Amino acid sequence: QIFNQHNAEAPNLEPAFDRMAQMEPNLDHDVSWFLLPSYWAKMVVALISFLCFANSYDGDFVFDDSEAIINNKDLRAETPLGDLWYHDFWGSKLSSNTSHKSYRPLTVLTFRINYLFAGGFYPVGFHVINIILHCTISVLMVDVFSILLGGLQFSSKGRRLNLAPKSSLLAALLFAVHPVHTECVAGIVGRADLLCALFFLLSFLGYCKAFKENKEGHTFSVFWVLVSVVLGAIAMLCKEQGITILGLNAVFDALVINKINLLEVIRKLLYKDKSLENAGLLRKGLLFRITLLMCGGAGILYIRWRIMGTGPPAFTEVDNPASFADSLFVRAINYNYYYSLNAWLLLCPWWLCFDWSMGCIPLIKSVSDWRIIALAALWFCLIGLICQALCSEDSHKRRILTLGLGFLIIPFLPASNLFFRVGFVVAERVIYLPSIGYCILFTYGFSLLSKQAKKKKILAVAVLGILLINVMRCALRSSQWRSEEQLFRSALSVCPLNAKVHYNVGKNLADKGNQSAAIKYYREAVRLNPKYVHAMNNLGNILKERNELHEAEELLSLAVQIQPDFAAAWMNLGIVQNSLRRFEEAEQSYWTAIKHRKKYPDCYYNLGRLYADLNRHIDALNAWRNATVLKPEHSLAWNNMIILLDNTGNLAQAEAVGREALELIPNDHSLMFSLANVLGKSQKYKESEALFLKAIKANPNAASYHGNLAVLYHRWGNLDLAKKHYEVSLKLDPMAPGTKENYNLLRRKLEQLQKKGG
């Protein structure tokens with residue numbers, strides 16, 4: 001539907017649009033930069049944005065990728081697609097008390113498609129899509145910046161004109177190579193920000209398309225306004241920030257389409273001037289479009305609220321300490337300090353870190369703290385820009401500064417702690433969209449400097465140098481995101497007070513088997529944050545494995561004292577108590593863990609081991625059965641059931657359990673081995689032999705597999721084959737218990753047979 005704007009209340013806007021192009025100064029006139037045709041400009045931007053992040057294509061799954069992708073059941077085919085709409089970004093139910101309420105079903109859907117086409121968790125495909133998305137967004141930025149910096153005008157044939165080709169190219173290059181974007185591109189979880197940005201920009205361009213000029217005069221299309229709202233909704237389903245595009249579209253409409261002078265409107269409102277119509281505020285169409293945007297935004301938020309529920313996300317003090325401060329003054333000061341840090345990351349993206357929580361940024365508790373200077377500097381700059389945006393006589397300057405500030409501030413609002421508590425202190429990913437505003441302001445500042453500079457080429461070379469440094473910084477930072485070891489170690493110099501950094505370095509070392517080094521980092525994490533229960537739990541685990549049981553018990557006891565519902569720590573405490581032969585306490589710890597995490601198969605498995613040690617065989621079998629019900633692929637629980645039934649002479653039941661287990665886990669060689677032992681004792685030699693051979697094929701270097709197969713042949717009377725496998729077993733493990741004695745018995749028997757034959 002098309003609405004014409006020719007009426008008494010709203011004069012013909014076509015001349016106004018012509019004047020915008022003719023009377024306002026052209027930003028490109030003062031910019032000493034390259035002038036390229038639109039197609040080539042986009043090719044250059046695409047190529048350079050690709051070069052920045054290309055070396056991340058074969059990186060691993062790192063940091064949050066594990067929880068959002070590898071451990072996220074929503075990616076697997078067995079999870080119904082409909083569940084994505086009721087789960088958060090991490091695969092938890094939105095109704096759960098532990099849910100972070102991050103509702104991004106379309107992003108999770110793209111992960112699922114990646115997983116489906118890759119045939120598993122292979123990170124290359126995930127990384128390639130992220131790189132392509134950033135390149136696409138950077139190319140779209142050429143068009144977006146041409147509108148924001150040059151205005152919106154169409155030719156007589158309906159084609160949009162690029163009135164600032166040099167400025168839009170510079171701004172797009174600044175965006176494409178900004179190092180702060182590395183987390184979004186090189187970290188697969190950053191897909192949420194990339195998809196959100198893509199539909200955010202498409203929504204903006206769709207809104208601009210609503211004002212395409214035709215022969216009847218300047219018109220607007222309700223269809224394209226509604227398309228813009230729908231694209232904004234899609235952006236929000238990729239990440240929450242997407243909804244802010246509707247507000248920015250309204251700002252753009254007021255400033256660029258209706259050319260409203262905000263200061264003039266404010267003055268008229270203050271003095272209750274009835275000539276607001278002349279200010280453009282009540283022009284026919286503007287209020288209608290803003291009403292459409294507001295209704296669309298309200299509808300989107302209401303639907304999300306109904307799906308998500310009313311409960312706030314569950315965050316802890318270590319995630320965002322300022323938000324837990326009792327003093328309003330402390331909260332306000334620290335929030336503003338966080339804003340200044342985000343601004344600094346845009347201006348000087350040199351010190352980048354994967355995580356800024358847990359002591360990385362100590363709280364400001366007094367005005368005597370020197371960091372107050374950062375707040376003063378931030379607000380001095382912002383107030384100066386706002387004054388210029390409102391009060392400047394130059395309408396072109398007012399428009400660009402207001403749009404720059406709008407794109408800088410409005411997309412950042414969901415991460416500002418103003419409306420709700422967020423789960424981070426500073427997060428580089430959330431300034432992907434606000435960096436659009438930074439690029440507008442930088443480019444405009446460059447144009448002002450170029451206008452004043454006598455040697456414009458030196459200024460252009462300086463900007464080229466900044467771009468080149470940023471490209472190299474992007475490449476370096478991308479290489480750091482290729483593996484967890486590099487990523488975590490890179491943070492040690494940036495945030496040495498961050499307990500989580502030390503924890504992650506320790507965890508990475510522990511996963512690689514370097515326990516001694518891991519202990520050092522875990523201890524430092526606990527020193528920096530004495531309430532860091534996850535570091536205590538992991539350190540306790542390592543000490544338990546090194547048989548330092550008393551210190552392990554102290555750490556785990558402290559962890560559950562600090563966080564009584566920490567199920568994993570309760571289970572590990574039970575394991576330590578079991579090792580110390582304090583069985584009643586161990587049993588109590590296991591049941592406490594299960595109380596706090598009802599579906600806890602590993603805890604049931606350990607409880608079964610405790611009962612087996614106490615010869616409470618029925619209880620042990622029940623515990624292991626619970627483990628396999630909760631986790632059918634729990635091989636250890638199945639194996640223990642088979643072995644216990646075998647050892648207690650319940651061969652028929654052991655055989656039944658073994659067959660049931662192999663149906664569920666057909667390629668598990670340890671289950672084949674256990675069932676083969678049972679079948680051998682039941683004199684089902686042929687079937688037992690087949691299973692032993694299959695197990696040996698899967699794991700040919702297991703001495704016990706060859707040794708037990710040799711025992712089977714020995715019983716069966718296949719003495720030559722028995723001799724062969726005894727010898728293989730002893731070659732693999734000369735100290736294998738019982739194998740040497742059995743082999744000597746066999747040799748004596750063979751010698752006796754030879755004598756009789758002789």
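All residue numbers here begin at 1 and follow the chain in the order shown.
Glycine is treated like the rest: Cβ placed from N, Cα and C.
Here is what TrEMBL says about this protein:
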- 33-54: transmembrane segment (TRANSMEM)
- 131-151: transmembrane segment (TRANSMEM)
- 188-208: transmembrane segment (TRANSMEM)
- 220-237: transmembrane segment (TRANSMEM)
- 243-266: transmembrane segment (TRANSMEM)
- 286-305: transmembrane segment (TRANSMEM)
- 311-383: domain 'DUF1736' (DOMAIN)
- 372-391: transmembrane segment (TRANSMEM)
- 403-424: transmembrane segment (TRANSMEM)
- 430-449: transmembrane segment (TRANSMEM)
- 458-476: transmembrane segment (TRANSMEM)
- 499-532: repeat 'TPR' (REPEAT)
- 533-566: repeat 'TPR' (REPEAT)
- 601-634: repeat 'TPR' (REPEAT)
- 703-736: repeat 'TPR' (REPEAT)
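Two recorded stretches are said to be in contact when at least 3 C-beta pairs lie under 8 angstroms, sequence spacing 6 or more; the transmembrane segment (220-237) and the transmembrane segment (286-305) meet this definition.
Across the repeat 'TPR' (703-736), DSSP assigns 28 helix, 0 strand, 6 coil. Taking DSSP states H, G and I as helix and E and B as strand, the repeat 'TPR' (601-634) has 27 helix, 0 strand, 7 coil. Within its own chain, the transmembrane segment (33-54) is flanked in space by residues 130-131, 134-135, 138-139, 141-142, 162, 165-170, 172-173, 176-177, 182, 185-186, 460, 463, 470-471, 474-475, 478, which lie at least six positions past its ends and keep a Cβ under 8 Å from the stretch.
The stretches the transmembrane segment (188-208) and the transmembrane segment (286-305) are not in mutual contact, being linked by fewer than three Cβ pairs under 8 Å (pairs 6 or more apart in sequence).
When Cβ-Cβ distances below 8 Å are used as the criterion, the repeat 'TPR' (533-566) is approached by residues 499, 502-503, 506-507, 510, 515, 518-519, 522-523, 525-526, 572-573, 575-577, 579-580, 592, 596 of the same chain, each at least six residues removed from its ends. In the predicted structure, the repeat 'TPR' (601-634) carries a mean pLDDT of 95. Sequence-distant contacts of the transmembrane segment (131-151), counting only residues of its own chain at least 6 positions beyond either end whose CB sits under 8 Å from a CB of the stretch, comprise 20-21, 24, 26-28, 38, 41-42, 45-46, 49-50, 53-54, 56-57, 160-165, 167-169, 171-172, 175-176, 181, 184-185, 191, 194-195, 197-198, 201-202, 204-205, 208, 252, 256, 399-400, 403-404, 407, 436, 439-440, 443-444. Under 8 Å from some Cβ of the transmembrane segment (430-449) lie the Cβ atoms of residues 27, 30-31, 141, 144-145, 148-149, 167, 170-172, 174-175, 178, 180-181, 184, 190, 193-194, 196-197, 200, 241, 244, 342, 345-347, 385, 397, 400-401, 403-409, 411-412, 414-415, 424, 459, 463, all in the same chain and six or more residues away from its ends.
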